[in-house]
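To start, the structure itself, in structure tokens.
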Amino acid sequence: AGFGLGLGLALSSSAFIGGSFVLKKKGLLRLCRRGRARAGQGGHAYLREWLWWAGLLCMGVGEAANFAAYAFAPATLVTPLGALSVLVSAILSSTFLNEQLNVHGKIGCILSILGSTVMVIHAPQEEEVSSLESMAEKLKDPGFIAFAVCVLVSSLLLIFVAGPRYGQSNVLVYVLVCSAIGSLSVSCVKGLGIALKELFSGKPVLKEPLGWVLLVCLVICISIQINYLNKALDIFNTSVVTPVYYVLFTTAVMTCSTILFKEWQHMVLDNVVGSISGFLTIVSGIFLLHAFRDMPFTPSLLPLFLQPGRADLHPPWSSADRHQTCQHQPLLPSEDKGPQSAEEEEEE
């Protein structure tokens, strides 16, 4: 029952989050047409745009469903299902934002969904954490502390060093900030889910300081994610930001869950190969969607026998064209030879 509930919540979360990207982008485009300060340049005029707030509300509903899904299912089951938000966002972007999704992008979306399915089938099992005391012991693990320090240091470098230089031209800068900070927010969500379970069971959770610390950290992480995700959406296409964010976010969450909950510790070889293969399939799909996004796919790129209206053309090796090759033509046409060239041939 818990697995099915977590699966359903994860699917609904992907639908809401995929739609929220489109609503936010629509609101940012309206502000741009009005000449307001853009979010990519540090402006915050989007706070007065109702479409942006509608997108934020959809994302809030999706994140709430995602929050509940993490409480009932492992993180490595919930996170890969976020690939469905890529598909929802790509379809809605091509419909409402007039962003072109070529054949490579469609194949990339399909590969992302297939890879996510494989990862769900071979998802590792996390160590059971049933109380805030056990969660506190895991948070004190030296491996997780080192990971958290690396995330914070790299995020600060991206914000204050790489952001001013490459943020306007490279989609990875702001998306990496959202993904790195998002991995910590998932840990906070997992801990708060455990606290809510204990609260509903009648335990005095409100007196525990760890729950309040996790709540404050979650609010800070979500605020940073929203800020830099808005900057990325304002500068780059939604069909690019969404899949790249998914791949980096999934990688960060899997790394964090592996260190914190020891999910890969007792896996058999088949599940290890399946999880890695599924993730590489997702990365391949996202590469197709990102690397060839500006390449138009027209019928003129097809071979001649596949192009519409040219199927009746003779191939170059047919008998009708056999005598038109360069082997049966003189190097110089005979009419170009003047009398002077004829006399030079006689002298030779």
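For all residues, glycine too, the Cβ spot is worked out from N, Cα and C.
Annotation comment: TrEMBL describes 6-24, 45-62, 68-91, 103-123, 143-164, 171-195, 210-228, 240-260, 272-292 as transmembrane segment. What TrEMBL records for 316-348 is region 'Disordered'.
Between the transmembrane segment (272-292) and the transmembrane segment (68-91) there are 3 or more Cβ pairs closer than 8 Å, counting only residues 6 or more apart in sequence, so the two stretches are in contact. Stretch with the largest number of CB pairs closer than 8 A to the transmembrane segment (143-164), among 68-91, 103-123, 210-228, 240-260: 240-260.
The stretch in closest packing with the transmembrane segment (240-260), judged by the count of Cβ pairs under 8 Å and taken from 6-24, 45-62, 68-91, 171-195, 210-228, is 171-195. The stretch in 6-24, 68-91, 210-228 that contributes the largest number of Cβ pairs under 8 Å to the transmembrane segment (45-62) is 6-24.
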